[in-house]
């Protein structure tokens, strides 16, 4: 109650602000196009000078509203302006499907773009990034802003006038898409001023990635923004970076990007050398293990836990003395993955097998994700289980989660149709409140209480009866399923009944637009996995409103109430009539795992006979509470992973900051002095401080330096200070000699060398961290806090990595040999071939290793891109 009172208070404040915007807008109505453009230029100077956007919100929003009216023939409703205000304030605007989020975003985008630091509009796919940039482009161009678009495969564009001369003429002669004298709320296409529509057409022009980021507004996908950040931190020249900072971002479908995908990091990866035969061997071994005897399955956490009998059995079959010995950790992972593949990952639910490949099915949308792969060897374990060719496992070069990427922005906002149920997570993780924006027209969809059956068989029979009843009267039905397997089961049942229908699931997604377009037509029955809906509009056909509108039938509840609300939201858009009803059974995964006992008791008390459903508001409430419980569990998992990644994020920032320092430094003398000092002082302190002098151990610890560099004799030094000075001076003298030998190219050579050393150590560190994550999760079963354990281990590991980086740099700068420009070019080309992948779904990338491995074989030299180092 308090939350909704708070929402009302916010909306009341917004309503007053909208009233003020409306007043300014009415003053702008009489102004010429050229005057609006001049006002925009003046406003940009004001905002840019003081970087204070709040003060100019009313004028900016009114300008955008009038520009949209003239260039698009669309005037944002008051509720859309409210949504825009929420976005400007860094909140999540919950706006129902069909309420015009894309247009609402133009106002805060314009206002914040005036500051000059760049605004990012984040969409979920390339098509939407291009579509929205083109759709809203005329508004920004009219007001003097540049608009860029970033797509995958390195494609980047700028939105430009299709006919610049005609656009100029339209501005000079005061043309408007909205005709004079039209006072309605919505301007239909046939009533638009056709001449102005033609004049304000835009198109995409190819530009460089860097230019796209230099635009005032940049549209792109969450993946591409994240990958560009990671790629920027692998460059060998600062000028090759494309992003210019993280100022303000609006994330479309914020719940999907910031919550559902929060656990799946973006990764730049390369191939591992694990043999495919290992995965096949463990796929066979896993079949010998008996569930509940050798291992237990935790379906809630989606993990496998070996029993003592299982451990003994594994040690005997594999032929090791102790499965948990550090040297056997990889064998344990292989076994756990093989058991997961066999017992937790189901064909046609979690993945499909097509053309000899295992393709993941997105659990939230039901879409196929070709090219994406489970990480940590799990995908290979599934390939071994299914008997298809096994592709290489990958190792990580750079990684970041969406949580940590988007938290880098000075200001972050989001928009979606379903967010209120996740408000606590938005607040705790991102510091964003959720504001529920009212619909423009009242929502009249009727949501029925759930029908619960004892078995899935009874449930599906009743669903088919319900579909048949509505089909006979001509009411369109959209049936939502949670997997391909279930959509095809239902389809076969409808075929037996002779009910014509269309199926929309991951296997047929190419026809999605065509199928969805028909879903609201009279007599149409559509079966769809969760994929159908986001970004697609189901319009009612003639006579359908009179039949009650589109009827949504849910075949089971999802773990998240949000996903159910998205399914419901496909009916009753923009004030249309509609209905929704969920059919459930005690055998559904959600109820079976989390609540069948409670609901079963209720059914026994009420003496519900077989085949008879129970339908009661109290039962719907009980199921909602089960979902809340599961949402809490999932949030807890995400929070644990976030806390682990927060540790990694601080370390990542430290490493990337070090890279930037090296990229920007004009002279490395001071930096290398610090490194030599660190290398010398740590060793002198360890082996030759006080009375305990161990010259032999000191010699061994310095043996990685070029032979003959030090002439150590215990009698030469009267104190550890004298020894320290001798060692430091020898390193410094050799460095100066090497610097003179290489000549003017030395800075470039050293820069390439140091960057490659840092990148190589960071890659190895990330690989080790993945093993630590797995290990600390196993320790949690021994009552140890995994977060505390993770922090403790990674603190020492990171410290050790930084020490090794210093040692390696100190050693290699004294061994460097100048090489040709050709090698530099080749190294850059190889770096450019890096492919970027989205984890839990991991693609393999060979590029980075090839650059160095090929050169290692030449001349006994160790290669780091442009430079070679004598062994």
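Each residue, glycine too, has its Cβ placed from N, Cα and C.
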Site-mate of 98, 99, 100, 101, 102, 537 for ATP in Swiss-Prot, selected among 80, 566: 80
80, 102 as binding-site residues, winner by CB count within 10 A: 80
Assigned conformation of residue 101 (ATP binding site) - DSSP reduced to three states: helix
Among 98, 100, which are binding-site residues, the residue with the most C-beta atoms within 10 angstroms of its C-beta: 98
Which of 99, 537, all binding-site residues, has a Cβ with the fewest other Cβ atoms inside 10 Å: 537
Other CB atoms within 10 A, centred on residue 101 (ATP binding site): 24
